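Visitor: Quick paste of what Swiss-Prot says about this protein:
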- 1-20: signal peptide (SIGNAL)
- 44-59: disulfide bond (DISULFID)
- 51-68: disulfide bond (DISULFID)
- 58-86: disulfide bond (DISULFID)
- 70-84: disulfide bond (DISULFID)
């Protein structure tokens, strides 16, 4: 039993050491790329805001990324234009409701 514990301890130490070396190996280009992704995430379009010009730029909600939902609007002049907003699709709303209900029941 003692041998098993020693082997497990050695494996855990080796794995943690290997993962820390991987973090140190990140190059400057990769760090800049990660920072750019973070900046893009901050510039996403919030829920209920217009996304007509950037249909893939909606932010993330609690569980899912918001989807750009479009409708055709007819102006008083009779022109049809497409208007889009970031929102939660009905099937995502249902999933969030079930998860929220499950969290209330099971803690």
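Backbone N, Cα and C define each Cβ position, glycine as well.
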Visitor: Here are some disulfide-bonded residues: 51, 70. Which one has the most Cβ atoms within 10 Å of its Cβ?
Guide: 51
Visitor: Give the distance between the Cα atoms of residue 68 (disulfide bond) and residue 86 (disulfide bond), rounded to the nearest whole Å.
Guide: 4
Visitor: Sort the disulfide-bonded residues 51, 70, 84, 86 by C-alpha distance from residue 59 (disulfide bond) and give me just the closest.
Guide: 86
Visitor: Going by C-alpha distance, which of the disulfide-bonded residues 51, 58, 70 is nearest to residue 44 (disulfide bond)?
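Guide: Going through 51, 58, 70 one by one, the closest to residue 44 (disulfide bond) is 58.
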Visitor: Among 51, 70, 84, these being the disulfide-bonded residues, pick the one whose CA is nearest to that of residue 58 (disulfide bond).
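Guide: Comparing Cα positions, the closest of these disulfide-bonded residues turns out to be 51.
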